[in-house]
């Protein structure tokens, strides 16, 4: 029989065992068992920690990475060898050293995870950026993170500032760096990198303003991987106690870009767990369904609109998606109605809901296991080692002290800007972004609530709600609607459908029909673009 894990320690005095709330300090504490982290004083990179978790006996032949479009795969032995070889080129030929920032600008191609791990393994700082950004946006990002070199896809290189040294991925120069050359010295087996040193600089979403550069430490990434390793051991232990085999390593489809915190962390997790990542250069719903079927994908990280599409489009039912076991939801709130509709159509797929920020190195809270996943509308419980405060309405940002001061208070608390609450069992519920609340005649209207209602209508494929300026009311809730194919739903029907389900002040007052809702790569609605579109359309055309 497998050894039983020790029970989690009792909560400190004054902390409620169900919710984790301390009435004296008004702080919510994680009720999860603390993870098994290496000593903080031990020099270690995130890459070294990830590789230390791998079991060599199960790796040969298993793909680490697969290109969804071509089917080209890289096995774990080949992946590890490629990382070591490239790390040697970066150290010996390019002269990169710990703390040097390297901008990585490329779509989700097989070379990118190899490059990311090679950079982290020598203590260099990975700074992944969106390959479809403009030259002005790259100039802003470069001014913040100050990279000594940029690695760019051929189609992107010309958009980068001229003063930044650029190595084109796939070029002869890059090939020489990546080549295994017995005459070239290897990178040091262990570099003098503290866990508190910066491992990555990620750029936060620009949905409410100019992007900010967020510093993520090796310790941040190690804690994330440790959490997943602990969960894997728990699942294996429970399977052994039940006389069952533990589940095989996941095959994860990654339609989320690797420059986003969600995609970046998912690849890190996948490698540390010895799993397979199937990469998509850009999200396409039909292509994603084909990839799930072709590669027998078991895990899909996605934003809520993907669930809506899977429920509403017949193509999802025509495909063999029987391998799919888990969908990890992030990027935006998931409404109860959408979750329940999905569960009725795909009863064997577990929905793991989570919540995180770039500034928090990803996950803050998540559901764990089938029972917690039934808490529809919640993003789960606080992760190990985390605390939170609900207040009345990090390492910091790189090169932007003003933004850091506005986001991290004097006691070190990260202000997330979310309207949220905990229930008596410690489940966290995200209502909406404070900055996105619509102010109608003094009332606060959460657009996400109205979007969930609209998306439940069978004639609506997608929806977004924005504030429309009004002299009398201040702001009016305005809905942008994408009709389902064959649907002829009218503006009046849209407004009536919502009005029957909300208080009078939450009614949708304006409606516009569009072919698509603009979204960030992580699936967040780009409300600023819709506001500009609404103003340019003019009242007479609405």
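Heads up, residue numbers simply count up from 1 along the chain you see.
Including glycine, each Cβ sits where the backbone N, Cα and C put it.
These figures come from a predicted structure and were not determined experimentally.
Within the set 222-265, 354-397, 398-441, 442-485, the record from Swiss-Prot flags 354-397 under the feature region 'SBD2'.
DSSP assignment over the region 'SBD1' (284-353) gives 34 helix, 12 strand, 24 coil. In sequence order, 474 are the residues near residue 442 (CoA binding site), counting only same-chain partners six or more apart with C-beta under 8 A.
Here the C-alpha separation of residue 354 ((E)-4-coumaroyl-AMP binding site) and residue 204 (ATP binding site) works out to 18 Å. Annotation: 262 are the binding-site residues among 262, 282, 435, 439, 441 whose CA atoms are within 10 angstroms of the CA of residue 358 (ATP binding site). Cα to Cα, residue 441 (CoA binding site) and residue 204 (ATP binding site) are separated by 32 Å.
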